[in-house]
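Going by TrEMBL, these are the annotated features:
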type     : residues : note
REGION   : 1-21     : region 'Disordered'
TRANSMEM : 48-67    : transmembrane segment
TRANSMEM : 102-120  : transmembrane segment
TRANSMEM : 127-148  : transmembrane segment
TRANSMEM : 187-205  : transmembrane segment
TRANSMEM : 226-251  : transmembrane segment
TRANSMEM : 285-304  : transmembrane segment
TRANSMEM : 316-336  : transmembrane segment
TRANSMEM : 342-361  : transmembrane segment
Amino acid sequence: MADVDQGSVPPPDASVPIPGLSPDAELNGTDVLNATAAKFVATPEGTALAYGSLLFMALLPIFFGALRSVTCSKSKVLGEGGSDSGYRNSSDMPETITGRDAARFPIIASCTLFGLYLFFKVFSQEYINLLLSMYFFVLGILALAHTLSPLMAKVFPASIPIKQYQLLFTQGSGEAKEEVVNYEFDTKDLVCLVIGGVVGVWYVLKKHWVANNLFGLAFALNGVELLHLNNVCTGCILLGGLFVYDVFWVFGTNVMVTVARSFEAPIKLVFPQDLLERGMDASNFAMLGLGDIVIPGIFIALLLRFDISLKKNSRTYFYASFLAYIFGLGLTIFIMHTFKHAQVPAPVCLSTGLLLCYTWCQPASERSQRCSGGLGARIRCIQNLAVCQSVCLSVC
């Protein structure tokens, strides 16, 4: 999250000194930058509105993305069982994150971040951001269309006929023919794509903060919905890795600062602190990286699916972790605003809150149930709890 003095959502003016900056180019975001308020001093009302709006926007993709991940998970099980999963396109299938994937996440994210840093050092920033704008333009349209699809299915007029379409690209011929792209859609999806295209053109031409947020919310919701952790231990590894990654690149080097100043993409949510004074043309932004939403969000979604698997008609883990996320993000905002420190890695608060919530709020009866079985099952259960607790202690 950050206070930024800038004319548009992307990078701040280089002439304005900025003490700290750290959104990530991937799903890491953590971040809080505090720019100088030389041109504008935010009022308490404007600051409270900005922080409250960011907190509210962060909760939306987590809550609805977690609910939609349950439907995704059920459809995936049907597909693996030989039944019709309901997926028309492979891009709608959830991606499962294993423990190995979670362990490699800090390394891959670090390589990507450092690669972008080298690109910005060697090549022109203007051309790189032009390429990135086109890339996120296409991704944003697809993400927003996928986000709007369930809503469009409910509100689409029944009087309009629904036609089926297919976009198919192949290579080779005869028996050697292979599908490169096979995208099926209907009239409702076409309307969603048109809406996404309008928002995409608005973003590319104006870089307006509302268009940025629409794409950012779509990316975050799709991430929470389609990225599934295979177990809680994997979630602990991922949250712990994010914490180490963020602390290193924020405090140890200036790489993240350089990339964040140069990188133009809807990878963050922003809200103006001068909205009350300047309206929609406001330019002094507080911000929250998408990584601070998606990474904790997929852990919360996992706990919701675990709640449902218990078949107890309760959502104890989901609601407890959701409240822990609110507390952790609120604590991050409080620390940043009180101590005026731009570089406050959110995983310090978010990871701690979520992991402690799961580990120490788990009833003893469910622990014994999950540890029931043979010796191997009990050992694995003890290992999972030990890893979870050790990560919590190390984060603290």
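Cβ from N, Cα, C; glycine included.
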Checklist entry - Any chance the transmembrane segment (48-67) and the transmembrane segment (285-304) are in contact, meaning at least three CB pairs closer than 8 A with a sequence separation of 6+? => result yes
Checklist outcome for this item: Best-packed against the transmembrane segment (316-336), counting Cβ pairs under 8 Å over 102-120, 226-251, 285-304, is stretch 285-304
